[in-house]
Structures are given as structure tokens and as C-alpha cells.
Amino acid sequence: MNLHEYQAKELLKSYGLPIQEGLIAYSGDEAAAAFDKTPTDIAVIKAQVHAGGRGKAGGVKLVKTREEAKQVTDELIGTNLVTYQTDAAGQPVNFVLVAEDMYPVQTELYLGAVVDRSSRRVTFMASTEGGVEIEKVAEETPEKIFKVSIDPLVGLLPFQAREVAFKLGLEGKQISQFVKLMTGAYQAFVENDIDLLEINPLAVRENGEIVCVDGKISIDSNALYRLPKIAALQDKSQENERELKAAEFDLNYVALEGNIGCMVNGAGLAMATMDIIKLYGGKPANFLDVGGGATKDRVVEAFKIILEDSSVEGVLINIFGGIVRCDMIAEAIIAAIKEVDVKVPVVVRLEGNNAELGAKILEESGLKLISAQGLSDAAQKIVDAVKA
């Protein structure tokens, strides 16, 4: 689950991190009032959406008067902001953050933390190249990114934070400031089940103070049951409606931009299915894992969710029967097709537990389903059917 910038900053502030202060505004009038309370002559209007690249997309603007703050806010609210991290539809702007102006600054730094699955540890990343996409830095100048892995038994140690501070070129009182900041960031990361934390830029102001100008936090959704205060921060308007509906039925669904819907059991098989669709010239419209213990009701709902996507021109159902029986899947497919007005070709590949029985049930159903033998055959048939 992603947090908005203002939510991420407030969380970091509660752990002692210095942040760029600001107020939320849901209208132009509220933005004008917030501008009056800003301690600086210039304010920054920031569209609050779950996506990076807002500045280049026109979602971050400087304003010098309350009238300008009102105008910019009215122009942003109610629109969809399209950035390099969103799809073509963009993300809805429902409110803005009216923040104090932190510039000019001495330098912009980057500080981030992730769960490194290879080392199974929290890993911090820091760079002197703040204010730009870290992906670009990693690609063009990877030597400018410093990494430090944290031993979960002892946590972040002061010497590790000091080492990062030295590499970032900090000096004097800035060293102790950074150690406190990084220690607080680590504490926030662990205590709130964060899986991604980014402070970009982390600015060194002209007075030498270090401050978090922006903040991005992603929470492990599997941990929300024990984080009620964090869960209450969820903004469903920023999430795909089909993904939200899928979550209600314990379905792992991720919307993509293709035209071939996929229903698969098992994350690995789902990834392989999308890969082979791409290999044969198609474009998957989604990732959907119905799970190893899929029930008939869940399969029916999965089919409905796939077909709710207007861009879907065909569906590939790829099931390997292990825990889940292929005959049950077949019955669920029939029930779903009868319940939903299916106007697109459907290719079905069943293997494993009761696969022959499942195939027989589908064949005797009288429905216009395309049977496939093997993964390659299934991919070729759905791509051909969509192109026909």
C-alpha cells in the first residue's frame, strides 16, 4: 500500500526526521488560506498522487501570492496527473500539499531503503545525485550509489550511518544530524512494515540543516492487519478498481496495458504465461493468480474482474491442477461464462489433477471455448484468436 507524500512525511516526522512543512488543501480557497500560513514568501503547490515524476508532469508549482495558490490548486484538483510512473489515464488529483519553499539549497542528496531479497536484510541506498530519478542514476552512474545492509539482529549501528554521511560529503554538525535522521528512518521502516522508503531530495539547506523535501513510502499490504492506523491512510481513489475488488476475494491481480486477459493459478506460472504471450506477439492485460486453493466462487469472480477491463479482447486460462482440481475450474469457467456476457475468445489449457475430466466437462458444455495442449499452443491460439 502506498502513502501520499504528506502522509509519508508525517510518519517520518514522528520518528524525529526534519521535513518540509505544509498543509493539505482540498480547494483553491483552502490553498489560499494555507499560503497565508506558510512561513516563506514563496510556497510550493504539490499534487498528491501515488506516482513519481510529478514535477515534470506539471504537478509541482511555485506560487508567490495567495491568488496564485488558489488558481494553481483549482487547475490541479479534479484532473488526472499523467507521469512516467502512471498509465495513460493518470492518477486523480483530489487535493494538494501547500508546502514551504526550501530553496535555494547547498546540495540535493538521495536516501532510500528497501528489503533486499537476496541478502534478506533491509538495505539503505544513498547518493549525492538527489533530485533526479534514482533509476536513471543507477543506469548511468551506478558508482554514485552507496549501499549498506543492516543486520536484523543488531539493527542500524551509528558507525554505518556515519560512513554513509562521509560518503555523501557531509561534515561537522551535519554528521550527527544525518545519523539521527538515518536511525529514525530505519526505526520507521522496521516498525511499520515498510518495503520501500525514499527521501528524494534530502536537501542540505544554506544554513547547513538537513531536511526531507519529499518522501515516498510503500507499506507491505500483508502486514496491514497489525497496522490499523496505517491501514486507515489508504486512498482507494489512487488504486485500480479491479485490483481493489480482487483483493476482497484474496485474488492477486495487477492491471496491465495489454489486451489478453490471463487467469492462472500460481505466481510463477502466471509470470511464465505473460512471458510466453509476449513471446508470441501478444500483450497481457493483467497478472492474475487465483491461488493454489482456488474455490469455484473465486474463479467466477476472477473471470468477472478480467472481463470488466474494456481493453480485453481475449482470455487465456492456464491451470495446473495440484491442490486445485481441473474439473472444479472447468465448472467455474462454465458458470462464469453463463453469468457474464462473454463476447471475446477464451482459450483454456488444463494440466494435472483431473485435467481429462475438466477438458471433458468443457467440451460437453456446448460453449465456444478453444482448448489448448501445452503452454506454447495456448499462447499461439489466444494471440491468433485476438488478431482474427
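Using N, Cα and C of the backbone, Cβ positions are placed for all residues, glycine too.
What Swiss-Prot annotates here:
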- 9-245: domain 'ATP-grasp' (DOMAIN)
- Lys46, Gly53, Arg54, Gly55, Glu100, Tyr103, Glu108: ATP binding site (BINDING)
- Asn200, Asp214: Mg(2+) binding site (BINDING)
- Asn265, Gly322, Ile323, Val324: substrate binding site (BINDING)
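Shown on the structure are the features that Swiss-Prot records.
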| residue | record | CB count, 10 Å |
| --- | --- | --- |
| Lys46 | ATP binding site | 22 |
| Gly53 | ATP binding site | 16 |
| Arg54 | ATP binding site | 21 |
| Gly55 | ATP binding site | 15 |
| Glu100 | ATP binding site | 19 |
| Tyr103 | ATP binding site | 13 |
| Glu108 | ATP binding site | 19 |
| Asn200 | Mg(2+) binding site | 23 |
| Asp214 | Mg(2+) binding site | 23 |
| Val324 | substrate binding site | 24 |
*asked:* How many Å separate the two farthest-apart Cα atoms among the substrate-binding residues Asn265, Gly322, Ile323, Val324?
replied: 10
*Could you say which of the binding-site residues Asn265, Gly322, Ile323 has its Cβ with the most other Cβ atoms inside 10 Å?*
Asn265
*Ile323 (substrate binding site): which of the binding-site residues Lys46, Gly55, Asp214 is the nearest Cα neighbour?*
Asp214
*Maximum Cα-Cα separation (Å), residues Lys46, Gly53, Arg54, Gly55, Glu100, Tyr103, Glu108 listed as binding ATP*: 20
*For Gly55 (ATP binding site) and Asp214 (Mg(2+) binding site), determine the Cα separation and express it in whole Å.*
12
*To the nearest whole angstrom, state the Cα distance for the pair Asn265 (substrate binding site) and Gly53 (ATP binding site).*
35
_Distance check, please: Cα of Tyr103 (ATP binding site) against Cα of Asp214 (Mg(2+) binding site), rounded to an integer number of angstrom._
13
*Listing them in sequence order, which of the binding-site residues Asn200, Asp214, Gly322, Val324 have their Cα within 10 Å of that of Glu108 (ATP binding site)?*
Asn200
*For Arg54 (ATP binding site), just give me the three-state DSSP call.*
coil
*Among the binding-site residues listed here (Lys46, Gly53, Glu100), which has the Cα closest to the Cα of Asn200 (Mg(2+) binding site)?*
Gly53
*Specify the secondary structure state of Lys46 (ATP binding site) as given by DSSP, simplified to three classes.*
strand
